[in-house]
Each structure stands twice: as C-alpha cells, then as structure tokens.
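Enquirer: The following feature annotations were taken from TrEMBL:
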type	residues	note
DOMAIN	2-87	domain 'Core-binding (CB)'
DOMAIN	108-296	domain 'Tyr recombinase'
ACT_SITE	149	active site
ACT_SITE	174	active site
ACT_SITE	248	active site
ACT_SITE	251	active site
ACT_SITE	274	active site
ACT_SITE	283	active site, O-(3'-phospho-DNA)-tyrosine intermediate
C-alpha cells in the first residue's frame with residue numbers, strides 16, 4: 001500500500017510540476033487514484049501489472065455501489081492518465097485502459113431560466129430588500145451576462161476589468177486558460193451602482209485593497225464560493241420559480257439564450273471557455289420558434305420575393 005501511494009504521489013507531483021494542473025484538479029485525481037489504490041490493495045492486485053479486466057472489474061464495482069456514471073468516467077479518466085504516464089516513463093509496457101470504454105451517461109439538458117424568468121430573477125435584489133441589493137444584482141447580472149463559472153466570478157478582481165467602460169474583463173478559467181468576457185448594459189449599470197457601496201464597505205472595515213475582488217462580503221472580504229451559493233439560494237427561495245436555481249443555472253441560461261438567438265456554437269464555446277465543442281453543443285436545444293426565426297433571417301430563400309415579370 002505504501003508503494004502504491006508512493007507511485008500515486010509521484011504521478012501527482014508530475015501533474016503539478018510538469019503539467020501545471022490546478023490544486024482542484026490534483027485533488028480530484030488524488031481522490032480517484034486513492035480509491036483505485038485501496039481497491040487494488042484489498043484485492044491483492046499490483047497496479048503496476050494490473051490487467052484490463054481487473055480495471056474493468058473495479059469500474060463495475062463502482063457502478064454496483066451506485067456511483068453516478070459521470071463520476072465513474074472521471075475516475076476511469078484519472079486511471080487512464082496514470083497508466084499513460086507509466087508507459088511514457090517506462091514504468092510498465094502497456095496501458096490496460098486503452099480499450100476500456102466510458103460508461104454510458106444519460107443525456108441531461110442543463111437547468112435553464114428562460115428570458116422572462118431571468119429578468120424576474122435579476123430584479124429580485126431590488127424588490128426583496130434582503131442581503132445587499134446593489135451587490136447581489138451586480139453579481140447575478142455579471143454571472144449571467146458573461147456566462148461565468150462560480151469560481152470565475154469569485155476570482156474576478158478590479159484589476160481584471162476594463163475600468164473605462166466596465167464592459168469587459170480578462171479572466172482565468174479552468175486549466176489556467178485565459179479569455180475575455182463581456183458585460184451587457186444591464187450588468188455594466190449594476191456594477192457601476194454597486195461600486196460606491198463596495199468602496200464604502202472597504203473603508204468601513206479597514207480594508208483599502210481597491211484592486212482586490214470585485215464582489216465582497218459585508219466584512220469587506222472577497223466573496224467565497226459557498227457565499228455565492230448561499231446568496232443565489234436565498235433569492236431562489238424568494239423567486240417563486242419552480243426550478244432548481246443554482247449559480248451554474250446563470251451560466252447555462254447565458255449559453256442557451258445565446259444559441260437560441262442564433263449565435264454560432266463555436267463562438268459560444270469561446271465565450272464559455274470550453275475546450276471541447278461537444279461540451280457546448282449541450283446548449284443547442286433551441287426551441288422550434290427560435291430556429292424558425294434564425295432560419296427566416298439567415299437563409300436567402302426563406303422569404304418569397306415578388307418579382308415584377
């Protein structure tokens with residue numbers, strides 16, 4: 001078991017120092033490989049010489065335990081990477097996972113707030129009078145307007161934003177990839193209205209870090225991921241919308257509305273910071289009326305022209 005753990009740590013060190021993986025990615029790989037290492041130890045298997053059927057049996061056991069298909073596939077991906085590393089550095093001759101297929105996952109469309117629901121949800125901070133209305137409206141509209149992940153919005157700083165117009169920002173997303181995101185008029189106005197209160201809060205709490213996090217708590221500290229989840233959940237309870245609203249719903253809604261309006265999926269891919277186009281294509285569940293409108297505007301023969309003959 002000590003030897004197995006040592007090999008796993010060696011691989012994780014490689015991912016960190018050579019591949020530059022984030023701490024969150026390292027934790028995910030570490031959890032998956034520790035689970036696999038424990039399984040091997042309990043079944044008298046040496047991971048260095050494990051056969052394909054033994055890895056397959058491990059995957060089957062995860063499924064029997066009720067683990068979600070997405071989590072199983074992530075675990076299998078971690079094991080594949082581990083063996084690729086071993087083969088590359090001559091620690092074993094072959095990768096037993098080469099021919100192992102992912103577990104089939106049910107196609108799930110992401111939860112979405114439609115445009116009227118989104119407008120209603122974004123107006124809640126002003127009408128409900130709870131928490132910090134100016135901050136919360138700016139937070140909701142920023143996440144929706146730019147399609148931000150929750151980790152991206154909490155790391156958004158004043159330094160990242162175009163201060164001349166508050167219409168764009170440079171952010172660092174998954175895998176350390178940087179991209180530019182854009183804010184619409186409503187988000188810009190909400191940010192502008194929030195900033196004086198932010199400055200006053202920083203002064204009151206003795207925190208003069210003017211270049212720090214855009215969104216802060218009442219204590220003048222950067223908003224945390226749990227903090228954003230709690231804020232969104234409070235407004236979700238007030239909304240009366242019969243959907244499971246969470247921070248990622250705003251990102252899903254952004255992507256769906258963009259695709260429904262006729263935006264090229266590849267452009268949406270860039271805006272979301274997706275590595276794979278297939279990830280973005282989940283949002284192409286446009287409604288029929290939306291497709292008809294786009295077709296009518298785009299196709300040269302969609303509208304009948306009258307010729308005077």
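Using the three backbone atoms N, Cα and C, a Cβ is placed for every residue, glycine included.
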Enquirer: Just to verify a number: CA distance, residue 248 (active site) to residue 174 (active site), in angstrom, no decimals.
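Expert: One finds 15 Å between the Cα atoms of these residues.
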Enquirer: Going by C-alpha positions, which of the active-site residues (149, 174, 274) is nearest residue 251 (active site)?
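Expert: That would be 149, nearest by Cα distance.
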Enquirer: In whole Å, how far does the CA atom of residue 149 (active site) lie from that of residue 174 (active site)?
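Expert: So the Cα of residue 174 (active site) lies 9 Å away from that of residue 149 (active site).
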Enquirer: Over the domain 'Core-binding (CB)' (2-87), what is the model's mean pLDDT?
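Expert: A mean pLDDT of 87 is what the model gives the domain 'Core-binding (CB)' (2-87).
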Enquirer: Taking every protein chain shown into account, which of the active-site residues 174, 251 has the largest tally of Cβ atoms within 10 Å of its Cβ?
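Expert: The largest 10 Å Cβ neighbour count belongs to 251.
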Enquirer: By DSSP assignment, list the helix, strand and coil residue numbers for the domain 'Core-binding (CB)' (2-87), in that order.
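Expert: Secondary-structure composition of the domain 'Core-binding (CB)' (2-87): 71 helix, 0 strand, 15 coil.
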Enquirer: Could you say whether, by DSSP, residue 274 (active site) belongs to a helix, a strand or a coil region?
Expert: coil
Enquirer: Which of 149, 248, 274 has the fewest nearby Cβ atoms, counting only those within 10 Å, among these active-site residues?
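Expert: Ranked by other Cβ atoms within 10 Å, the active-site residues 149, 248, 274 bottom out at 248.
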